[in-house]
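The following features are taken from TrEMBL:
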- His127: active site, proton acceptor (ACT_SITE)
- Gln110, Asn111, Val112, Asp113, Gly252, Ser253, Ser254, Asn278, Ile279, Gly280, Leu296: NAD(+) binding site (BINDING)
- Cys135, Cys138, Cys202, Cys205: Zn(2+) binding site (BINDING)
- 6-315: domain 'Deacetylase sirtuin-type' (DOMAIN)
Amino acid sequence: MVPEADPPSTEDVNLLYQLFEQSNKLVVLTGAGISTECGIPDYRSPNGAYSSGFKPITHQEFVRSSRARRRYWARSYAGWRRFTAAQPGAAHVALASLEKAGRIHFMITQNVDRLHHRAGSNPLELHGTVYSVICLDCGFSFCRNLFQDEVKALNPKWAAAIESLDYGSPGSDKSFGMKQRPDGDIEIDEKFWEEDFHIPTCKKCKGILKPDVRYFTFMKPDVVFFGDNVPKERADIAMEVGRECDAFLALGSSLMTMSAYRLVRAAHEAGATTAIVNIGTTRADDFVSLKLNARLGEILPRVLNIGSLSIPAIQ
């Protein structure tokens, strides 16, 4: 699922090294490209979910349709085990090392997978995370693992059937035969969720739950769904650090979402050095100072091993 790219040249590695070396307030933004190397699909790359005609659920769909909510939560429950099995890659680890050495002033991620956290970083999660669930009526949130347990308790026979399926052998009698999606859900036949599938409600107000990634007005994953807005406080923090940095580095993002593009644009307009490492074109290619086409797991460890970047910087 990772797009093809030539190994980074020595010149490319040195150029990226200089960005880290010369910056005092470097802001790093990461996108889906850093996680595809860990087995988590993306949407927009040549091999991404969009290439097969897949359309992610939108805020509007989730709000107005109980059927859409059943489909989302059933597929998300089914994909959770595989999604959480993903491990941080070499790029995540390299960024965590650079952060600890004081070479990164602030990190922002568009990803909802928490792989940065597992590598030792604590970025601002611009689009939230699927690791928590939030009520869209009262705002109460709690751990996703607890939500998984509640789904299982409400649907014991259904959950047992889902968990007996063979994730790794497409085409077998016990297989989904479908692909995992970028937000952790997995495509399964309608027969597994169309009838008799029950969704937990909020413990406090009985409202609708969603993943904590911006969406709707029920219980949902605490993530920003397509068609929803990044919470104002979170967006303001990201914009402030973007405008105040002396360098802005986008990694593994096409910057097609306005929430990410506007940060690079703001940093550029404020006079910061701007750079991108991504396989393929991005929305900001026409104005950034440096654009490199490379896999992050190949170039970042090489940058880390040059000179003294791994040694804590003097502040």
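Using N, Cα and C of the backbone, Cβ positions are placed for all residues, glycine too.
On a predicted model such as this, the values are computed, not experimentally measured, just so you know.
Between the CA atoms of Cys135 (Zn(2+) binding site) and Gly252 (NAD(+) binding site) there is a gap of 31 Å. A straight line from the CA of Leu296 (NAD(+) binding site) to the CA of Cys205 (Zn(2+) binding site) spans 44 Å.
The predicted model assigns the domain 'Deacetylase sirtuin-type' (6-315) a mean pLDDT of 84. Look at the binding-site residues Cys135, Cys138, Ile279 and count other Cβ atoms within 10 Å of each Cβ; Cys138 has the fewest.
Cβ neighbours within 10 Å of Gly252 (NAD(+) binding site), excluding its own Cβ and spanning all shown chains: 26. The number of other Cβ atoms within 10 Å of the Cβ belonging to Gln110 (NAD(+) binding site), over all protein chains shown, comes to 24. Taking the C-alpha atom of Gly252 (NAD(+) binding site) as reference, the shortest distance to any of the recorded positions His127, Cys138, Cys202 belongs to His127. Of all the Cβ atoms in the protein chains shown, 21 others lie within 10 Å of the Cβ of Cys202 (Zn(2+) binding site).
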